[in-house]
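Copied from Swiss-Prot, the annotated features are:
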DOMAIN    9-229  domain 'DHFR'
BINDING   36-42, 104-106, 125-128, 166-173  NADP(+) binding site
BINDING   D51, I165, Y171, T186  substrate binding site
REGION    298-583  region 'Thymidylate synthase'
BINDING   R320, H466, Q484, R485, S486, C487, D488, N496, H526, V527, Y528  dUMP binding site
ACT_SITE  C465  active site
Amino acid sequence: MEDISEIFDIYAICACCKVLNSNEKAGCFSNKTFKGLGNEGGLPWKCNSVDMKHFSSVTSYVNETNYMRLKWKRDRYMEKNNVKLNTDGIPSVDKLQNIVVMGKASWESIPSKFKPLQNRINIILSRTLKKEDLAKEYNNVIIINSVDDLFPILKCIKYYKCFIIGGASVYKEFLDRNLIKKIYFTRINNAYTCDVLFPDINEDLFKITSISDVYSSNNTTLDFVIYSKTKEIHEEINPNDELFNNTFLGVCDEKNTNFDDEDDYTYFSFNKHKDNIKKNSEHAHHFKIYNSIKYKHHPEYQYLNIIYDIIMHGNKQDDRTGVGVLSKFGYMMKFNLSEYFPLLTTKKLFVRGIIEELLWFIRGETNGNTLLEKNVRIWEANGTREFLDNRKLFHREVNDLGPIYGFQWRHFGAEYTDMHADYKDKGVDQLKNIINLIKNDPTCRRIILCAWNVKDLDQMALPPCHILCQFYVFDGKLSCIMYQRSCDLGLGVPFNIASYSIFTYMIAQVCNLQPAEFIHVLGNAHVYNNHVESLKVQLNRTPYPFPTLKLNPEIKNIEDFTISDFTVQNYVHHDKISMDMAA
């Protein structure tokens with residue numbers, strides 16, 4: 001037997017609170033905790049603007065493209081069942097809208113200034129209310145005497161979806177007769193006096209399938225859940241799917257698109273303020289190629305998407321360098337090192353420089369001249385006389401960068417004098433310790449390498465940006481997670497992704513493991529103002545397949561690696577993009 005609620009797209013939408021002085025045992029909660037629907041002919045709570053915005057968004061939203069498919073479904077049903085249409089007394093509707101069905105009490109509870117509910121077809125279900133009882137301005141409101149009177153209207157009228165909006169007896173009849181496809185349910189997280197309760201939801205028939213963000217309004221928190229009939233719930237969900245937890249399953253299935261899921265995704269986006277969606281709208285027209293890519297599953301898009309988000313939605317701030325930035329806080333990227341080496345392809349990167357700097361860190365060096373002699377200029381601007389003097393390091397020799405990364409990795413806690421001193425056996429050799437733990441205590445949760453030494457920060461030419469990494473061993477594979485406090489998306493982050501990936505490959509090899517994942521956590525992520533135009537160019541480039549990285553398999557000691565022990569194979573890339581460093 002066909003489900004009428006499915007054919008004619010009938011839904012319920014409601015908001016319920018906790019009931020003051022209910023008999024529910026203290027501390028024992030369930031889905032039935034939220035059941036308070038009304039009190040003394042109105043809502044139990046004062047106006048909740050977030051819930052009202054959600055209600056309006058859900059019941060007003062229509063999708064013209066999806067409507068044609070919904071109409072085809074309904075027409076097919078009526079043709080199959082030889083349904084004869086009778087349009088007598090049913091008003092014609094040209095504009096596509098949703099239907100809202102309510103009882104007499106619910107209609108009367110709506111403030112006059114909001115009657116009838118705009119951009120919706122208002123239907124009142126009442127055995128006593130007559131058309132002549134309504135004011136002339138409500139001439140387009142439809143009155144029906146029973147639930148059965150609704151179906152001739154649904155068969156004839158142009159509409160997108162039909163929402164049952166109250167009250168309790170109306171909800172109950174539609175639920176009892178199995179005429180509800182989904183329930184859009186607001187949970188108002190506060191207790192109020194209630195004299196009307198929402199009817200019990202049959203949890204064998206309906207299950208919660210979606211839960212929104214949590215909001216605050218009128219001194220209470222609230223969220224929105226969607227109850228779906230159990231037959232419509234996806235039986236198999238792959239938690240490893242890239243879109244799991246972020247996108248409704250039906251959205252990305254071109255062959256079996258679930259229009260309800262598309263709409264639900266839109267409903268849950270109701271509270272995204274328009275001024276935030278295009279915060280930096282002056283840049284919007286520069287991303288034609290980037291926006292033309294429908295599915296951005298290539299792992300490089302993790303990086304590119306962050307840049308796009310910051311350019312479009314970032315906060316405009318002044319910064320230490322005086323250049324100014326667009327910034328946001330908190331991102332994560334994850335790269336599968338067992339499949340590829342994440343060396344960005346949308347611009348050519350200086351691979352040799354990345355490796356030389358990493359080897360320099362591993363040796364515990366702080367002398368910038370060592371890198372300059374190899375024509376690696378990553379630290380050049382931070383070692384100048386002017387830069388060191390600005391850091392109040394007047395006594396420091398040019399290119400003496402102080403107790404930065406490598407010093408902390410190999411000599412944490414040692415007293416720093418200058419770049420020429422011998423620090424052998426001084427301080428804590430963190431790198432040696434983590435390799436020892438990986439080899440001998442691989443399940444340890446303390447395999448951490450930290451460059452953030454508060455005592456030494458003022459002595460450093462530049463306090464560390466990538467400050468901490470942790471390693472994880474499982475099934476013969478090594479993963480690394482790194483936290484970066486300050487993230488220069490244009491210049492620094494591409495190097496950091498590659499550097500810590502190489503570092504993970506190296507440690508995996510000397511510990512007789514295989515590389516697994518590199519996870520990159522970004523704190524203050526920013527785009528310098530003088531990098532924006534260059535990054536627009538980069539975002540409109542399409543990534544190529546990542547290359548692979550091969551290490552000399554004979555190397556078993558982390559300190560024995562040299563530049564000749566690294567081979568990057570099949571690095572296909574776009575041209576170099578120049579950006580000035582903000583120092």
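Any Cβ shown, glycine's included, is placed from N, Cα and C.
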Those residues of the chain, 6+ apart, with a Cβ under 8 Å from that of D51 (substrate binding site): A15, T186, I188, S217, L222
Binding-site residues compared (R127, R320, H526) - highest count of Cβ atoms within 10 Å: H526
Least Cβ-crowded entry, counting other Cβ within 10 Å, from the binding-site residues listed as I165, V170: V170
Among D51, I165, Y171, T186, the record's substrate binders - longest CA distance, Å: 19
Which same-chain residues, if any, lie at least 6 apart from D488 (dUMP binding site) yet have Cβ under 8 Å of it: C465, H526, Y528, A582
Farthest-apart CA atoms of R320, H466, Q484, R485, S486, C487, D488, N496, H526, V527, Y528, residues recorded for dUMP, distance in Å: 21
Per DSSP, three-state class assigned to V170 (NADP(+) binding site): helix
Candidate with sparsest Cβ neighbourhood (10 Å radius) among G42, E173, the listed binding-site residues: G42
Rounded inter-Cα distance in Å - S486 (dUMP binding site), S106 (NADP(+) binding site): 54
Rounded distance in angstrom between the Cα atoms of I165 (substrate binding site) and R127 (NADP(+) binding site): 17
In three-state DSSP terms, the structure that R320 (dUMP binding site) belongs to: coil
Overall pLDDT of the region 'Thymidylate synthase' (298-583), taken as the mean: 97
